[in-house]
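Notes to accompany the following structure.
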Ligand SMILES: NC(=O)C1=CN([C@@H]2O[C@H](COP(=O)(O)OP(=O)(O)OC[C@H]3O[C@@H](n4cnc5c(N)ncnc54)[C@H](OP(=O)(O)O)[C@@H]3O)[C@@H](O)[C@H]2O)C=CC1
Ligand SMILES: O=C1O[C@H](COP(=O)(O)O)[C@@H](O)[C@H](O)[C@H]1O
């Protein structure tokens with residue numbers, strides 16, 4: 001144990017331990033934390049799910065997941081240390097009496113109980129009831145709740161109300177793993193530690209902003225969950241709105257969770273509502289058809305495992321967002337997110353305004369505007385596109401567009417970039433809630449997203465098809481073209 005010797009060990013209970021999130025992200029992140037000696041020696045990990053597994057078969061399942069998602073890059077010693085922490089309990093989460101088993105698995109005298117809800121939000125209420133009736137909780141216990149919390153504002157309020165009956169607000173950790181990503185956190189540094197951006201981060205200087213969160217994967221066998229949810233609720237309600245708030249909120253008074261939550265809520269309240277009257281012009285819904293990703297054929301959404309061929313769920317959304325406040329008046333923010341895009345790419349492009357007059361007509365009829373490109377993943381870093389003089393001795397000044405390139409992997413060679421889940425799981429184990437979300441901001445985000453969902457339903461807006469391996473339907477290009485703009489490709 002090196003860095004965190006002042007933290008208490010935990011009983012980390014993962015509900016839904018055999019599910020996709022647990023296997024793909026949580027166990028992998030925990031293994032990586034183990035590798036870097038960041039987990040207390042006495043911390044235990046208890047997997048809970050409804051299948052008839054045993055401690056040892058759960059250990060095998062965890063090993064297979066690591067093999068699959070870490071490309072077999074498993075160190076024997078680290079694995080042995082990690083495997084010793086693992087145990088399994090079969091609990092049907094809808095059956096309150098089965099939660100009593102937890103009492104013999106945890107040790108509240110020695111360890112803090114951290115309950116990780118890695119299941120559908122439909123089960124959150126049952127888990128709260130079950131935990132309450134089991135008597136396993138105490139004032140130190142924590143709970144980590146996955147996004148999306150609920151399906152809409154109403155269900156989110158219901159869940160938060162039930163959670164509040166069992167956990168005090170300071171025991172509740174609402175996770176959005178994008179807030180654990182280094183590059184998302186770096187937005188705070190970029191904006192609030194650099195005087196360069198202080199005076200120009202507003203409608204006087206910025207023309208528009210683009211936020212792209214593209215994934216090349218499809219729904220990865222998660223039909224039941226995804227088809228009921230869709231890309232708007234799965235990605236935009238949480239990850240994209242979180243990125244948006246970090247890019248556009250007012251400077252917080254300090255770095256405390258409270259100050260940041262306050263600014264995010266103010267920003268979310270300023271988002272102009274999208275209703276059935278303007279939803280067709282402001283949004284694009286898409287659904288992928290069969291196509292190719294990096295040369296390999298992939299099935300369409302309606303041919304995915306378990307698919308219902310009638311589904312009109314969207315796997316792609318593009319939206320023009322307007323923020324009704326002094327800073328952002330007249331500056332559109334275009335956001336798009338989708339499955340089966342050509343590659344995985346999360347980036348923010350801040351497009352600055354053109355200069356009022358061009359004295360370099362020999363080089364450019366119209367001077368290309370400056371751009372700040374923030375690469376959130378992969379190839380984390382920041383680029384500034386600017387104009388420079390091409391060196392030379394002839395009399396004319398000739399310009400060229402050049403890139404000022406700050407690559408994280410180059411610049412911070414000695415620092416490992418931790419994944420979002422690694423960072424946030426560690427914070428939950430340490431009992432630091434700073435990077436988690438407040439109830440109010442989630443409910444505010446639902447209010448805005450519900451209005452879009454209702455408008456689509458009201459207008460019977462069908463998703464537009466796009467072949468896998470493309471950046472969404474053609475209508476997404478038209479969304480910007482109507483404003484005389486284009487997506488950054
Ligand atoms: N997967 C991901 O990449 C991400 C997921 N999330 C969120 O995490 C949560 C879980 O997602 P995901 O892992 O994909 O979902 P999965 O359906 O893959 O996993 C849920 C697990 O819970 C089990 N389960 C369901 N009902 C019960 C029950 N009554 N008692 C005990 N176990 C039960 C399921 O078993 P069974 O298979 O038998 O139904 C399954 O093993 C969701 O809220 C999702 O939004 C958030 C970010 C990323
Ligand atoms: O929350 C979710 O996020 C993942 C994408 O996460 P990333 O860290 O790989 O960008 C997404 O695939 C999943 O559908 C969604 O539930």
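Just so you know, glycine gets a Cβ as well, placed from its N, Cα and C.
What TrEMBL records for this protein:
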- 239: active site, proton acceptor (ACT_SITE)
- 50, 92, 93, 147: NADP(+) binding site (BINDING)
- 177, 181, 215, 234, 339, 344: substrate binding site (BINDING)
- 13-186: domain 'Glucose-6-phosphate dehydrogenase NAD-binding' (DOMAIN)
- 188-488: domain 'Glucose-6-phosphate dehydrogenase C-terminal' (DOMAIN)
Residues that sit under 8 angstroms from residue 147 (NADP(+) binding site) by C-beta distance, when 6+ apart in the chain: 174, 175, 176, 237, 238, 239
Binding-site residues whose CB lies under 6 angstroms from ligand 1, from 92, 93, 215, 339, 344: 92, 93
Neighbourhood of residue 50 (NADP(+) binding site), C-beta criterion under 8 angstroms, separation at least six: 90, 91, 92, 93
Candidate with sparsest Cβ neighbourhood (10 Å radius) among 177, 181, 339, 344, the listed binding-site residues: 344
Candidates near ligand 2 among the binding-site residues 50, 92, 181, judged by a Cβ under 6 angstroms: none
Winner by Cβ contact number (other Cβ atoms within 10 Å) across the binding-site residues 92, 215, 234: 234
Neighbour count (Cβ, 10 Å) for residue 93 (NADP(+) binding site): 22
Other CB atoms within 10 A, centred on the residue listed as 'active site, proton acceptor': 23
